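Undergrad: Mind looking over this structure? Questions follow.
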Amino acid sequence: MPCLGNWTGRLDFLLSCIGYCVGLGNVWRFPYRAYTNGGGAFLVPYFIMLAICGIPIFFMELSLGQFSSLGPLAVWKISPLFKGVGMGTILIVSLVAIYYNMIIAYVLFYLFASLTSDLPWQHCGNWWNTELCLDHHVLRAGNSSLPINISNTVSPSEEYWSRYVLHIQGSSGIGDPGRIRWNLCLCLLLSWTIVYLCILKGVKSSGKVVYFTATFPYLILVMLLIRGVTLEGAWKGIQFYLTPQFDHLLSSKVWIEAALQIFYSLGVGFGGLLTFASYNTFHQNIYRDTFIVTLGNAITSILAGFAIFSVLGYMSQELGVPVNQVAKAGPGLAFVVYPQAMTMLPLSPFWSFLFFFMLLTLGLDSQFAFMETIVTAVTDEFPYYLRPKKASFSAVICIALFLMGLILTTEGGMYWLVLLDDYSAGFGLMVVVITTCLVVTRVYGKRFCRDIHMMLGFKPGSYFRACWMVLSPATMMALLVYNIVKYQPSEYGNYQFPTWAEALGILMGVLSCLMIPLGMVVAVLQEEGTLWERVQQASRPAMGWGPALEENRSGAYVASLAGSQSPKPLMVHMRKYGGITSYENTAIEVDREMEEEEEEESMI
């Protein structure tokens with residue numbers, strides 16, 4: 001049964017996709033990956049991988065969702081044998097949603113901490129500071145007279161993050177979580193409350209919120225960029241970020257890093273794109289939207305690099321140390337380095353508040369997509385029970401994930417967050433995307449291009465077909481093999497995770513993969529005949545597969561819609577619109593093609 005409801009505004013879908021794709025990774029992962037993998041030269045493999053992996057898979061997911069108006073579980077009516085892929089997707093998204101909202105909780109914590117005249121991580125001398133603490137004001141004063149050895153010192157912002165916010169000294173490791181940090185727990189509760197209120201009415205409410213959460217980060221990013229490039233020493237950081245080192249292009253690691261950045265930045269395989277597209281009208285131009293979102297995402301990443309590294313250049317000049325000593329990725333950049341840089345600016349609380357408000361809006365719309373994916377997938381499976389109670393069901397999901405995330409609010413919660421981050425969406429996600437690509441191109445076959453023709457009025461070109469058939473799966477296979485061969489155990493700072501924690505992490509990844517054979521067993525048992533006959537029957541599209549509305553069905557899809565009264569949906573169109581439009585012409589063409597194929601098959 002199709003997803004209920006549609007987007008209410010023309011830009012709802014586009015802005016939701018932009019908000020989903022442009023997330024925290026654009027700010028804290030891309031700039032760091034660029035400078036460690038050849039600077040400006042990294043853009044070469046980055047855009048090549050965008051063309052080979054990013055754009056084609058992105059378009060494929062949108063096409064599947066829009067054509068069927070189904071979520072990531074029900075869409076496997078396309079080939080019920082592989083419904084386990086959808087189950088694996090939901091498991092991955094659920095795990096990611098748990099820890100992603102904890103990151104938003106950290107952002108909220110820093111946002112509230114910025115509402116002061118003097119930032120709490122600006123100076124040493126607080127109860128959480130140690131003797132190793134040394135702030136930059138003392139360092140600059142020392143530089144003017146005697147050199148200070150900073151190798152064994154810690155910045156106030158680093159101690160604020162680890163000793164006050166996390167209170168990680170209260171935990172000896174992942175097996176000793178310690179006590180719940182109630183201020184973090186309240187921030188997590190607030191984070192889940194915000195998410196719930198925004199997805200309360202499905203895409204009708206979240207589709208309106210993204211008008212703010214998808215656009216406002218750009219305003220703040222431009223403000224931070226202008227502030228950054230006007231600082232003394234900014235050019236030093238930008239030069240460090242973009243100076244091309246073309247010898248890096250000969251390393252396979254750089255190409256793998258570029259593909260990984262594309263893979264995770266666009267959010268393919270998480271079901272969010274498919275879910276959003278399922279609320280589109282049948283003839284929405286997703287071909288145009290694909291290029292707007294994917295290229296916009298790439299440009300945003302590059303722009304964020306300028307905003308981040310201009311400030312890091314200023315910071316390195318102030319501290320008198322090279323840029324590579326202050327540059328970090330991930331939480332280290334967002335919660336240690338950049339907050340420290342903010343303390344060096346005039347009106348530091350204002351700039352700090354802006355930075356964390358930008359991170360909040362970047363994180364929230366990605367979290368909306370994760371939650372919408374889970375809710376849509378499950379309500380599609382039980383539409384008669386859950387659709388009328390969608391708001392209550394969304395509340396149950398939010399409460400359940402909040403309770404599961406409570407361990408992340410403990411003193412040892414960061415160890416659990418690192419474990420979830422490293423394993424929940426690692427090789428399991430790649431297996432899901434590779435399987436989806438192979439099923440659509442090899443099992444469903446050329447019918448997919450015909451479906452797009454029916455929906456958009458034209459068939460995908462040879463570029464898309466070549467990527468779907470060969471280039472995209474081959475590249476992702478290489479990614480998967482590289483990840484397995486170059487496997488490194490998780491670590492946080494100097495802390496090495498115990499064997500049981502590694503095993504638990506690997507189990508998280510394997511579990512999503514195991515959903516695929518489990519789904520196959522269930523699908524085969526529901527069919528009749530010999531084993532091979534059952535496999536063949538389960539791999540064919542289910543009876544209800546096709547466009548959700550009767551007037552959008554033609555050819556083989558006419559008789560497959562439950563309760564269909566009209567022998568030719570084309571007649572419905574003519575009664576409705578009083579003539580034949582370009583889409584009806586397409587329907588006639590598709591019908592003719594299908595009839596010719598049937599004749600060829602009967603002759604064989």
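Here the Cβ of each residue, glycine as well, is placed from N, Cα and C on the backbone.
Bear in mind that the values here come from a model prediction, so they are computed numbers and not experimental data.
Not my notes, these are from TrEMBL:
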| type | residues | note |
| --- | --- | --- |
| BINDING | GLY19, VAL22, ASN26, SER265, ASN297, LEU362, ASP365, SER366 | Na(+) binding site |
| DISULFID | CYS124-CYS133 | disulfide bond |
Undergrad: Please report the Cα separation of ASN26 (Na(+) binding site) and CYS133 (disulfide bond) in Å, rounded to an integer.
TA: 31
Undergrad: Are there any residues at least 6 positions away along the chain from VAL22 (Na(+) binding site) with a Cβ closer than 8 Å to its Cβ? List them or say none.
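TA: Result: ALA214, PRO217, GLY296, ASN297, THR300, LEU362.
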Undergrad: Relative to the mean position of the Cβ atoms of GLY19, VAL22, ASN26, SER265, ASN297, LEU362, ASP365, SER366, the recorded Na(+) site, which additional same-chain residues have Cβ within 8 Å?
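TA: Not counting the recorded site residues, we get ILE18, TYR20, CYS21, GLY23, LEU24, GLY25, ALA214, PRO217, GLY267, THR300.
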Undergrad: With every protein chain in view, what's the tally of Cβ atoms within 10 Å of the Cβ of CYS133 (disulfide bond), excluding that atom itself?
TA: 20
Undergrad: Please report the distance from the Cα of SER265 (Na(+) binding site) to the Cα of CYS124 (disulfide bond), rounded to the nearest angstrom.
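TA: Between the alpha carbons of SER265 (Na(+) binding site) and CYS124 (disulfide bond) there are 37 Å.
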Undergrad: Rounded to an integer, what is the Cα-Cα distance in Å between CYS124 (disulfide bond) and SER366 (Na(+) binding site)?
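TA: Cα to Cα, CYS124 (disulfide bond) and SER366 (Na(+) binding site) are separated by 36 Å.
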Undergrad: In sequence order, which residues at least six apart in the same chain have a CB under 8 Å from the CB of GLY19 (Na(+) binding site)?
TA: VAL210, THR213, ALA214, ASP365, SER366, PHE368, ALA369
Undergrad: Fewest other Cβ atoms within 10 Å: which of the recorded positions CYS124, LEU362 wins that one? Let me know.
TA: CYS124
Undergrad: Validating a neighbour-count step here. Other CB atoms within 10 A of the CB of SER265 (Na(+) binding site): how many?
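TA: Excluding its own Cβ, the number within 10 Å is 23.
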Undergrad: Provide the number of Cβ atoms within 10 Å of the Cβ of ASP365 (Na(+) binding site), excluding the reference atom itself.
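TA: A 10 Å sphere around the Cβ of ASP365 (Na(+) binding site) contains 26 other Cβ atoms.
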